[in-house]
Amino acid sequence: MSIPAGAYQADLPAVPPWLNKGDNAWQMTAATLVGLQSMPGLVILYASIVKKKWAVNSAFMALYAFAAVLICWVLVGYRIAFGDKLLPFWAKGAPALGQKYLTGRARMPETTHYYSDGTTIESPMHEPFYPMAAHVYFHFTFAAITMILLAGSVLARMNIKAWMAFVPLWLIFCYTVGAFSLWGGGFLYHWGVIDYSGGYVIHLSAGISGFTAAYWVGPRLKSDRERFPPNNVLLMLAGAGLLWMGWSGFNGGAPNAANVAAPLAVLNTNISAATSLLVWTTLDVFYFGKPSVIGAVQGMMTGLACVTPGAGVVQAWAAIVMGILAGSIPWYSMMILHKKSTFLQQVDDTLAVFHTHAVAGLLGGLLTGLLAEPSLCNIVLPVTNTKGAFYGGGGGILFLKQIVAALFIIGWNIVATTLILLAIRVFIPLRMSDEQLKIGDDAVHGEEAYALWGDGEKYDPERHGWQGPTSPPQTTTVLTFDL
């Protein structure tokens with residue numbers, strides 16, 4: 001087989017002088033790992049952690065969001081988040097589809113950072129050593145998983161048509177604001193706020209917007225809120241495993257280079273997740289007398305979400321500290337505080353996204369303000385001499401900046417999500433009808449997750465001969481599942 005000579009040549013057009021093949025390969029690998037967190041990771045997790053009657057609907061909400069976000073991202077979203085400045089928190093939207101644009105060197109035009117005099121460059125514009133296409137796709141996977149995490153708050157009752165309208169609107173008017181402000185060269189980026197890989201842009205946003213959406217959509221049926229067991233715990237663990245392993249790309253790809261920060265971030269990510277899982281499980285045993293598999297998964301998630309805003313700028317011992325706090329503080333907010341708070345109980349957050357992502361993401365952002373190590377900060381941050389309060393020498397100002405940034409993200413997400421849902425509600429009901437809620441997937445999609453009869457068709461007593469509950473076929477073993 002002949003190989004085109006241009007594919008391996010050392011100069012243009014296949015390998016321009018600015019291209020680093022190692023960075024390019026790692027960034028595409030990292031993007032794929034992050035994509036696998038959603039497809040199939042969260043699709044499997046959502047399909048299995050809900051009641052049997054909601055497995056198809058829950059999986060489809062994630063599947064739809066993944067596809068819809070990609071198209072909106074390349075049409076306009078990417079360049080609102082990483083393009084030319086329009087407002088301090090928003091860039092000018094434009095398509096990211098042109099061949100010349102996508103094969104050129106990646107660049108974020110608003111990331112040139114100046115000293116306080118406004119003329120002397122402190123750090124140059126961020127230009128990774130790989131094509132723009134790699135950057136567009138990598139950050140699409142971040143946008144997609146944020147949208148899917150948000151969905152966890154409104155599973156098992158949000159009108160699927162309302163969800164289909166909500167996804168592009170939330171991406172454009174909510175997600176891009178946080179992304180530009182903290183990553184694309186917006187006001188928080190230049191102020192020196194640290195959000196290494198999305199503790200605020202992704203987890204705090206998903207948790208706050210999810211909780212807000214859950215309020216406006218309304219609760220599940222009373223019977224579903226009282227009893228909502230997973231229909232397949234083993235598949236739930238498979239989805240959670242994909243989420244955990246994919247996080248290596250999530251945090252490892254954040255430096256936009258295969259540099260020394262990337263493997264440190266990967267190691268810290270896994271240390272925090274493991275520590276948090278163990279702490280959460282220990283608290284379950286101490287408080288409830290037995291370990292919970294669902295609890296272990298929740299502890300894993302809080303550990304991952306908490307370390308994300310500081311994964312590449314904290315030391316490994318700090319990752320253990322973050323894991324300990326991630327396994328205990330969100331556990332307390334979910335298991336103790338939630339049961340004492342009338343307001344928290346009124347809002348039906350199906351998968352407790354508020355606790356596992358908003359609380360954990362906020363906690364991680366604040367801990368980063370305390371524990372960010374100076375020499376590590378110099379590797380990845382635009383503002384020199386950045387340090388956490390733990391390291392003294394004026395580091396306390398970073399902690400205050402982290403608080404202000406969190407308040408901005410919380411406020412914007414509450415207001416923007418509310419306005420989007422109120423606008424949709426004018427045209428489409430946000431919540432399914434009670435009749436649909438009683439039936440589930442079959443009423444919404446005409447499909448069910450598990451067909452446990454014959455060759456896979458749904459059981460029909462007229463066709464299959466079972467005329468009543470007291471006279472089952474003599475040659476068939478009937479298994480009854482309390483789902």
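Heads up, the Cβ atoms here are built off N, Cα and C, so glycines get one too.
A TrEMBL annotation is a machine prediction, not a hand-curated record.
Noted in TrEMBL for the protein shown:
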| type | residues | note |
| --- | --- | --- |
| TRANSMEM | 25-47 | transmembrane segment |
| DOMAIN | 25-450 | domain 'Ammonium transporter AmtB-like' |
| TRANSMEM | 59-81 | transmembrane segment |
| TRANSMEM | 136-156 | transmembrane segment |
| TRANSMEM | 163-188 | transmembrane segment |
| TRANSMEM | 200-218 | transmembrane segment |
| TRANSMEM | 230-248 | transmembrane segment |
| TRANSMEM | 260-280 | transmembrane segment |
| TRANSMEM | 292-311 | transmembrane segment |
| TRANSMEM | 317-338 | transmembrane segment |
| TRANSMEM | 350-372 | transmembrane segment |
| TRANSMEM | 403-428 | transmembrane segment |
| REGION | 462-483 | region 'Disordered' |
| COMPBIAS | 473-483 | compositional bias 'Polar residues' |
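Here the transmembrane segment (200-218) has long-range neighbours at 142, 145-147, 149-154, 157-158, 162, 166, 170, 174-175, 178-179, 182-183, 305, 308-309, 347-350, 353-362, 364-365, 405-406, 409-410, 413-414, 416-418, 421-422, 425, 430-431, meaning same-chain residues at least 6 beyond its ends whose C-beta is under 8 angstroms from one of its own. Long-range contacts of the transmembrane segment (260-280) within its own chain (CB-CB distance under 8 A, at least 6 residues past either end) are made by residues 26, 196-197, 244, 247-248, 250-254, 295-296, 298-300, 302-304, 306-308, 311-314, 316, 318-320, 322-324, 326-328, 331, 376, 379-380. For the domain 'Ammonium transporter AmtB-like' (25-450), the model's average pLDDT works out to 96.
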